[in-house]
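Below is one structure, written out as structure tokens; comments come after it.
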């Protein structure tokens, strides 16, 4: 007969079991309500005010499983947009071998650059920082895509191979990142006066409009066997759009924030299971079979050169990218609980802008287009109520792993262009909408409306009819024998043939020469008291820092 267990032993044993059961929740899962994040909306027209997710600040540690889960959510939200520039530029390679590497390099670089942007490292013996210290994630910037496409077409028409043409652009991006680094040291108050919101928003809007045309071109692509605009191609892209709308209506917060990746996957499954009117498959798996299982940066390299005609449009793209980073950093700081009155606000802006330039330099060295911050992740912070940098670090790990696994990058390149087109058209149009939001974030005066009208006349006009400023009847670069003059002519052709470049140049010029009108002066005088205090405090802080440096 067994001896009875003492009451003290029973209490100690039960306490030990309870502690063991609570270990998983406390140290791995945390107290986060996963159900609210993953629960679909059965009635999308009813606002849920009962459930509120726990808030995690930017410096709060997350349980490992929660960090991995939220990092995966962020990664799914940006993986499609990160891979898209590599897929578009890789399509110009006649061999078809460049695209998988460009996609994998972009994913790896996104992870590395996100880690740099998330940290807030002080630069020794200065008052400057590298990285915003916020949950800002990095991906390839779409601002450089129009210039890259136009330049690659011109260089390949001159007889260069795709590798040579692409490598020549990388040299331009490397030099341009130095220019962007100089902008990072301009105080935010002065930067805002040079690039007011309406001007910055116009640049983003023009980029979105330009790229929407690229998305529509992909949407109607019939591949190898169908003509452009075939019913099958339009149907596949439209199906992706319908999936996006369905997820927005009934999806959980997790599904809505990752709807782009899910829509691409669902569209790919439909395309893989069907064939066109002639019985030809939509999906060619040969690139996937040929791709290496594991790869890293510089597995395939491109000879770095310099294509001077692309330099001016690239500088404009860097200005637009910088302004995007400025806005995204401000929005992320607000989502993280900071206000312009906090001392950390300016530190985050300066560190974020410098981090953006360093990341662009690293991106060009890594054989991809320059990078910038992403606005999609700001919405995820609002959905999940988690601003912790640990979620961003976990997202960087996921993106790095996606890129290192070579088969994943190759898989993204075999998705039919019509499927990607349905997604990218939405994504690029969303960029245009973001530009409108920035343009109208402050009231437009008569002066700003006038400048916008003139600038958009050139910008939108160039996008709609690209050859109106670049036709041989206006600029016949081929007829010029002097190489220096021919190079200047080609540079002017590239600049004037890029909608956002010519639009921003006109806007910057008019903004510098047109005097302020009475309406804008009255609005400046009518600024709220808090805004005036913020500007005065910024001026006093800058003067104090300057006096400290002099002493």
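Glycine is no exception: its Cβ is also placed from the backbone N, Cα and C atoms.
Note that this is a predicted model, so its numbers are computed, not measured.
When the ranges 506-528, 529-551 are checked against TrEMBL, the one recorded as region 'Disordered' is 529-551. Feature transmembrane segment, per TrEMBL, maps to range 390-408 of the set 390-408, 466-484.
With pairs at least 6 apart in sequence, the transmembrane segment (128-145) and the transmembrane segment (198-219) have 3 or more Cβ pairs within the 8 Å limit; the two touch.
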